[in-house]
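Colleague: Pulled these features from TrEMBL for this protein:
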BINDING   C:HIS95, C:ASP118, C:HIS120, C:ASP122, C:ASP193, C:ASP195  Mn(2+) binding site
6 protein chains.
Amino acid sequence: MKFLAAKDRGEITIFGVPFDGTTCFRPGARFAPAGIRFFSENLETYSPALNRDLDDIDFCDAGDLEINALPEDMVETVYSFMENVKIPVMLGGEHSVTFPVVKALKERYGELTVIHFDAHTDLRDIYSGTAYSHACVMRRVLELGCKIVHVGVRSGTLEEFTLIRDNPLLHLVDIKKLPEILENEKNIYFSIDIDYFDPAFAPGTGTPEPCGGTPVEFFSIIYNLPSANIVGFDIVEVSPPYDPSGITQMLAAKVVRELILKFWGG
Amino acid sequence: MKFLAAKDRGEITIFGVPFDGTTCFRPGARFAPAGIRFFSENLETYSPALNRDLDDIDFCDAGDLEINALPEDMVETVYSFMENVKIPVMLGGEHSVTFPVVKALKERYGELTVIHFDAHTDLRDIYSGTAYSHACVMRRVLELGCKIVHVGVRSGTLEEFTLIRDNPLLHLVDIKKLPEILENEKNIYFSIDIDYFDPAFAPGTGTPEPCGGTPVEFFSIIYNLPSANIVGFDIVEVSPPYDPSGITQMLAAKVVRELILKFWGG
Amino acid sequence: MKFLAAKDRGEITIFGVPFDGTTCFRPGARFAPAGIRFFSENLETYSPALNRDLDDIDFCDAGDLEINALPEDMVETVYSFMENVKIPVMLGGEHSVTFPVVKALKERYGELTVIHFDAHTDLRDIYSGTAYSHACVMRRVLELGCKIVHVGVRSGTLEEFTLIRDNPLLHLVDIKKLPEILENEKNIYFSIDIDYFDPAFAPGTGTPEPCGGTPVEFFSIIYNLPSANIVGFDIVEVSPPYDPSGITQMLAAKVVRELILKFWGG
Amino acid sequence: MKFLAAKDRGEITIFGVPFDGTTCFRPGARFAPAGIRFFSENLETYSPALNRDLDDIDFCDAGDLEINALPEDMVETVYSFMENVKIPVMLGGEHSVTFPVVKALKERYGELTVIHFDAHTDLRDIYSGTAYSHACVMRRVLELGCKIVHVGVRSGTLEEFTLIRDNPLLHLVDIKKLPEILENEKNIYFSIDIDYFDPAFAPGTGTPEPCGGTPVEFFSIIYNLPSANIVGFDIVEVSPPYDPSGITQMLAAKVVRELILKFWGG
Amino acid sequence: MKFLAAKDRGEITIFGVPFDGTTCFRPGARFAPAGIRFFSENLETYSPALNRDLDDIDFCDAGDLEINALPEDMVETVYSFMENVKIPVMLGGEHSVTFPVVKALKERYGELTVIHFDAHTDLRDIYSGTAYSHACVMRRVLELGCKIVHVGVRSGTLEEFTLIRDNPLLHLVDIKKLPEILENEKNIYFSIDIDYFDPAFAPGTGTPEPCGGTPVEFFSIIYNLPSANIVGFDIVEVSPPYDPSGITQMLAAKVVRELILKFWGG
Amino acid sequence: MKFLAAKDRGEITIFGVPFDGTTCFRPGARFAPAGIRFFSENLETYSPALNRDLDDIDFCDAGDLEINALPEDMVETVYSFMENVKIPVMLGGEHSVTFPVVKALKERYGELTVIHFDAHTDLRDIYSGTAYSHACVMRRVLELGCKIVHVGVRSGTLEEFTLIRDNPLLHLVDIKKLPEILENEKNIYFSIDIDYFDPAFAPGTGTPEPCGGTPVEFFSIIYNLPSANIVGFDIVEVSPPYDPSGITQMLAAKVVRELILKFWGG
């Protein structure tokens, strides 16, 4: 389908943030926006599962933001860009790119619930010298006062898991509970770290963690969610250098298509 | 086991068609016959699941057909070759190689049902300038008057899915229904596009599509099929350049062994 | 976590045996100890599933043994090294490295049950000219008088499967039976060939065999085992050259962490 | 520098032809236009050797032509596109893409000399079933009545080398003779098959042939050529799937920059 | 030889700085210290060209510094570490790691000449938001008051080349002039960006630039240098993810061995 | 050309020995015979440099010997095979495969000179526990009483280089001296370790060593050798897993073609 070639209109703005400056293990997520777009060329615009077609959706692809090497600057650039975005569909980059988007949305909507698909808690306070590390992104989001629903989290420190247990804004749930949970949330943002999925399905990521979710289960849950109140989403941590067959990038492209069609295609 | 080294006799003829001339996204299927044979060397001849051994089967490996760059010529070459083949076991190449085999079998048997394992409908009329594109192969097969049972199909255009819904020769079924369906078919050909399987299990293919079947389920269904009336099969779209660990080629080799043993090993 | 950086004390000794001299198909397991350690750096020390932390465990990493090219010499080197090891946690290398460890433990404990996770029987008598081939390792273990419980085995010759059926020391069981079986065993050693897992989850191995187990099931069974009487374990046949995304090495690192925490972290 | 981002004006038109449909050995040249552009992003616009800057040149990048799977159609598409191109700078694709460009230029200028950098003669009449095979491209060019100066050719059949010796339009010369030869030519087109270069410098190509030229020598000759009468050039047969380090694509990008600056930057 | 296993004594300290946080194109230099050490295992300690042996040299390998994601912090960490280092042999990391070492040496010796082997000028003032970018490292070194002798530089902006021409501290020389130039320098530091070499010889680097030097020429010049007054050296910008055959890492290991033996082995 | 498809007659026997059992660093040479044959398919049979054609030569390709894991057994297998070979053209495998061929030829001819193209001396007595290690092969050849002419050797221990200096049967010469040297030798065997070439030209080898020879120089010397008295040759240590672009395998295929045409094509 190629996102880039899509009709340039509508309230949905796809944009890429090719940043991986705080990645502690294996960098490469900077190449994800280009990679996901490349694979989206070979994805049909039509979704048989949803019986909807991207050709019927108004959205534009704004391309990639110009990002420099410093995390603070990336946060500022993305935050500024959000001024002109109504419904963000962001292609990371590492997970740190989520913070400025959520910050902008929280200020806009007052109340915001973040559905956090990930293998990792991402709740460290400081990591690798910076508060904007991808290992800290949900800690920053928490400080904004967002409610966070962790789905698929299976790695972290004892401190992080203790924080989840103790902080009333943090919830660790089974993906099967999502439909029920979303019923009652007002403004909902999805942040999908590709390592939520088992490494078999998404090997191309910086820090693969065994025992993740399957795409079949993920989409079957997504298809059964209520569509109201979704204010945007991102997909992050896809790393093309570690995706020799492209299956991770193809999965990410399909996640983007299905979520757009599900949430705004009705 | 190495197919090539097998006993050169019998009615079953393994042959390769190293053609990928219409592949629209990522070529490489031309290297599949060599790749599958290489991996078959490390596969035992004995199947514990079936308690049968390839050493007890009469078959020959005819090697690869000499193919040139033009789809029409490939169709002619394979069709001619079929004159001397009783039971074909074809190693593609891209999916377009299936058409001349099915054409020959349809003419031979009069009635033919094609069990089409695939992620894609492959029902386009013309694609990339040719009616023999791998995206059109099942449309051509349909025009021959074959009944087609699609298994695992999860990608296509709205037009293609509409065609499936409206054309009485086309059936989209869950793999679990196969045993029941095959009971009533007379002459049955299996065409297995490796992208039927989820990309996790078969990453080495030109156009991976998430949410496919698992080998465990596939074989458990196969083992429970009736063996009568099967007139041949192919496995196509394996792409070694995108299979760095070889797991796709190994899976293809095992599919070949198990299907031969299941259908003609009794 | 990086095993190498762990506290250098305790009865548990991690050590690597970078040997793949009898590998018949694709060598590379010699690079596994280094590869697994590299990926262990990016694994947390804390296990949320077990609520235990490697930082609370006494163990040391003795590094890699110096191994030469001959299987007999490797057997001798590992066997000698075992004199000073109380609880071995061995990182292979190919599967042949298991024999000298089991030999030493069998002599030490008198009675020994080997839980053999593998895709292959490994029960050949002689292979590729040597009795110490990785294809023969369980035959050698059997000759020591050990009871062997095969889990996940799905490839072998008719002779090997006949041996399993006929020899009272050999048992082929479903992984779900493990908790029950372990109840009654006295001294138990786990030998985990990474190809036990389906190639989707562990592509980086010399001889991938479709239709293996999943990590989710594996760990859920492990978590429910009785911890008593385990005398050591190994993980073998990881092959970094065929693991471009590192997911196999990461899985191996997690297996090591979870087994240590499960069996000796209580 | 990124060609795509360059000023969109001027008589020089960069365009890509992502076609590799007749490639007999290893396809992949279809990915070259995208690959060369990607690497051009990391190339400076300024050439220290020429003391000229691409920012001072008027040219546009027209992107890639839409090409289908059939060689005849590709020839037609490129030929038609040439109607609107004054000075072509074509990024192949395999070498067959050169024919329609040369055909259009020959018709436009009446007289045309093609400087053919290549490892191979490319003078076969028919190959792999088609007269438009990349192995036949210079035979087709010859039939147009062009003079061809082969540089670097070191592989071919006896028949092809005999043709070069006997046909007055064909010349096989040492690269050092180029400056002298160009003095007397009227309208000159450069067709640069990347396999002109030794595989050490340009490994990413379908059919590498040892004993090629070096980039240092190539550029030193180019810098000393007369700039008049050059009517366009192409660079073909770069194959990104076989260029894991990207050095071939980077070399191609530099060839494009230096030739533009040399021939039209003065 | 494996540097890590060398005798731990002497005034020469090998250390790694696994930092690539400002790399603008393709990250990966963070893996170079580990990669160079891995390949050094397969390099003999004896140099036939110099008839000297590393076993006769007193040096230690201090391992890698712990570095975080921020360029400023890296600079501080390396600078502090230099307090305890007499003769530094640093394994980068990207080129920005050179600045803190040169800063410490400049302060120590008062006068310092940097021999800068590189494809790029690295003289930008600010790049990608930071003054510590690898594209700015020689600008920072210049500001320290060091004389810089550029060798092999063939890429940069017009501004950078103008700076070289105009600033009396900057010299762009042919490698053949080095022996003569070094005669008169007092305290000399070598900073070797691996992309000094032609990409054919050193493909594994982030920003390969065609037309570089050959190892044969490099070593022949090095062997003929005066050995006095060398105060240390570094080798930077090796990028293992883009070095599939390892030849870049092996070249880097040999550079380290030969320079140590040449300068301090007499 | 594909060796395998060549006319099956004549005194020249091509055969492969897929053995790499003593390789100390990176195995993979076992895949070289298959790899070189694959690339030979894309090499013309005609040599423009020699104006000769393989189609005019009588030779056969005997395929690969069946080899097991033990070096002693490999030596025995190859030695026995030599009984039926008049002029051997052996495709290794690692360098240890040379010994049994030379042994057979020495016994046959009484006097034998081995021209040893290599980066390494290969003169160790015992290595990695075996006298048949690839690091010892020329020591074994020396013990047979052969004269050895080392060409390109640039790595080894002090002991090995001392042996070369002191032993009258050993000669280390510049390749330019070869024509002169061969004038006076009676029976000459060429053993070509691919790492003789610089890693830029032959990256696909287990132990690349910088500063090797170029193919252009190699062939220009070969073309000027006297052809008489050559009794066979081998090419060893090509390692396909480290040859992602195939340029090493292509170079090896060309070496085979040119040497056959040069020595026996007149």
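One-based numbering along the chain as shown.
Yeah, the Cβs are placed from backbone N, Cα and C, and that goes for glycine too.
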Colleague: Just name the most isolated of the binding-site residues C:ASP118, C:ASP122, C:ASP193, C:ASP195, going by other Cβ atoms within 10 Å of its Cβ.
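Modeller: Comparing Cβ neighbours within 10 Å for the binding-site residues C:ASP118, C:ASP122, C:ASP193, C:ASP195, C:ASP118 has the fewest.
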Colleague: Determine which residues of the same chain, besides C:HIS95, C:ASP118, C:HIS120, C:ASP122, C:ASP193, C:ASP195, have their CB within 8 A of the center of the CB atoms at the recorded Mn(2+) site, and list them by sequence.
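Modeller: Neighbours within 8 Å of the Cβ centroid, excluding C:HIS95, C:ASP118, C:HIS120, C:ASP122, C:ASP193, C:ASP195: C:HIS116, C:ALA119, C:THR121, C:HIS134, C:VAL137, C:VAL153, C:TYR196, C:THR207, C:VAL236, C:GLU237.
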Colleague: Drop a 10 Å sphere on every Cβ of the binding-site residues C:HIS95, C:HIS120 and tell me which sphere holds the fewest other Cβ atoms.
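Modeller: Fewest other Cβ atoms within 10 Å, among the binding-site residues C:HIS95, C:HIS120, is found for C:HIS120.
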Colleague: Under a three-state reading of DSSP, tell me whether C:HIS95 (Mn(2+) binding site) is helix, strand or coil.
Modeller: helix
Colleague: Specify the secondary structure state of C:ASP195 (Mn(2+) binding site) as given by DSSP, simplified to three classes.
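Modeller: SS state of C:ASP195 (Mn(2+) binding site) = helix.
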